[in-house]
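Following: one structure in structure tokens, then a few remarks.
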């Protein structure tokens, strides 16, 4: 490992600060084959100060050069960059031209050593944020926090099962054979997860001995949708606690004649995992900071998960959580510096990108419990809410469900979905739509600009035609040019 990256990786906080002195740092890759723990990495205060000053100067120099239209230099790649200390500043991105307006006369192929986003492995000062609601304040280490359960569900609507689709992929195969079709694929292959990590970020981590109720309240209080789970007995990360787990708890016990919901609240995360998984524990899906962003996209879509922990290969610490939104944001920012593929001018209808068959929807008059049933049975992340005429009037996502905990209303699941949307105290994504005649470039620009996870495809009368998700777009831009169909796998 080269000195710059090794120094950066060593700047992660020690787990002794989260769970006591017995939580020694260890190699996540060696945890199954070794009975002894590696020694914790130690860095002197003078080294930390020098690293902080160098990182600050480099970040602003790099930022200025990109804003002036110059891509980051070859010598600023992830393997040569000094460690970035936490500064309490938000991650900054260069000003870019939207993909829909980008000049097709390219800038040439991207340099392989672009240093696009600096990374900071430590927790930043209060109030800083880098990835909207997904980065949160760090909780005190007194009770240590608990983690996940299952392998987080995929961002897109239900898998297409019908043999007929309103919008077949008429010209997608031909587009992939045209020059420049693989430019985004190569761009993601040439950049590592370290490049997309935030300058300053915070992680909420739960110990598996934490009570379920406290864990879900912690998610709400910090505005995050998932948290890594640390098992102090195994001295390793064992999964992620997600909003999906909260939905499963409500769905399983709301109408149970034997168990009251308040009894489940007192269960520890460890107990809930044992009950639900019944001993079939799956390994935590993770990635290394040295792995390519192409591999990150494939791992997210292939495993139908929403969040991908980036683990330090030496200590096993969580450095960052990659998401579909983060990856598309990274690609969108620097995509305007690349030659423009011709398929960005094609319409959604022509390319057939999205889900158009067997759509999961919910009536606005249906109870919340019905929406939970659909979330569990169909494994979808959001439901278009329609009225009796079939017109889209809202969008009810899994993240809306967690606010039942914040409002102490999870014992009233007979409330209608429409009423639940009207009572939302936090303005979330809302309903953003697109139409079949819009180009793929326009759709990508809108998703990136509005920072949403999906667009609802409607006609002129607001009747539902389909859903275009982040997974659909990343599959089309990055994986399809490589001949990989992770969505259908």
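We count from 1, first residue shown onward.
From the backbone N, Cα and C atoms, a Cβ is placed for every residue, glycine too.
There are 26 other Cβ atoms within 10 Å of the Cβ belonging to residue 245 (ATP 1 binding site). According to Swiss-Prot, the feature ATP 1 binding site maps to 225, 240, 241, 242, 243, 244, 245, 285, 306, 307.
Cβ neighbour count for residue 398 (ATP 2 binding site) (all protein chains, 10 Å cutoff from its Cβ): 21. In three-state terms derived from DSSP, residue 398 (ATP 2 binding site) belongs to a helical segment. Annotated ATP 2 binding site per Swiss-Prot: 225, 307, 325, 397, 398, 399, 400, 424, 432, 453, 454, in sequence order, evidence recorded as similarity to another entry.
Summarising the annotation, Swiss-Prot assigns AMP 2 binding site to 225, 325, 397, 398, 399, 400, 424, 432, 453, 454 and lists similarity to another entry as the type of evidence.
Of all Cβ atoms in the protein chains displayed, 22 besides its own lie within 10 Å of the Cβ of residue 453 (AMP 2 binding site). Residues or ranges marked as ADP 2 binding site by Swiss-Prot on the basis of similarity to another entry: 225, 325, 397, 398, 399, 400, 424, 432, 453, 454.
Around residue 306 (ATP 1 binding site), a 10 Å sphere centred on its CB holds 27 further CB atoms from the protein chains shown. Annotation source Swiss-Prot lists ADP 1 binding site at 240, 241, 242, 243, 244, 245, 285, 306, 307, citing similarity to another entry.
The compositional bias 'Low complexity' feature in Swiss-Prot is assigned to 34-46.
The compositional bias 'Basic residues' feature in Swiss-Prot is assigned to 50-62.
Averaged over the domain 'CBS 2' (280-340), the predicted model reaches a pLDDT of 92. Under the heading domain 'CBS 2', Swiss-Prot lists 280-340.
The domain 'CBS 3' feature in Swiss-Prot is assigned to 355-415.
Sorting each residue of the domain 'CBS 3' (355-415) by its DSSP state yields 20 helix, 16 strand, 25 coil. For residue 453 (AMP 2 binding site), the nearest neighbour among the listed binding-site residues (242, 243, 306, 307, 325), judged by C-alpha distance, is 325.
Those residues noted as binding ADP 2 (225, 325, 397, 398, 399, 400, 424, 432, 453, 454) have their most widely separated CA atoms at a distance of 23 Å. With helix defined as DSSP H, G or I and strand as E or B, the domain 'CBS 2' (280-340) counts 22 helix, 13 strand, 26 coil.
Of all the binding-site residues given, namely 225, 245, 397, 400, 424, 432, those whose Cα is no farther than the 10 Å limit from the Cα of residue 307 (ADP 1 binding site) are 225.
Each residue contributes its Cα atom, and for residue 306 (ATP 1 binding site) and residue 242 (ADP 1 binding site) those atoms are 9 Å apart. Comparing residue 244 (ADP 1 binding site) with residue 398 (ATP 2 binding site), their Cα atoms are 7 Å apart once rounded.
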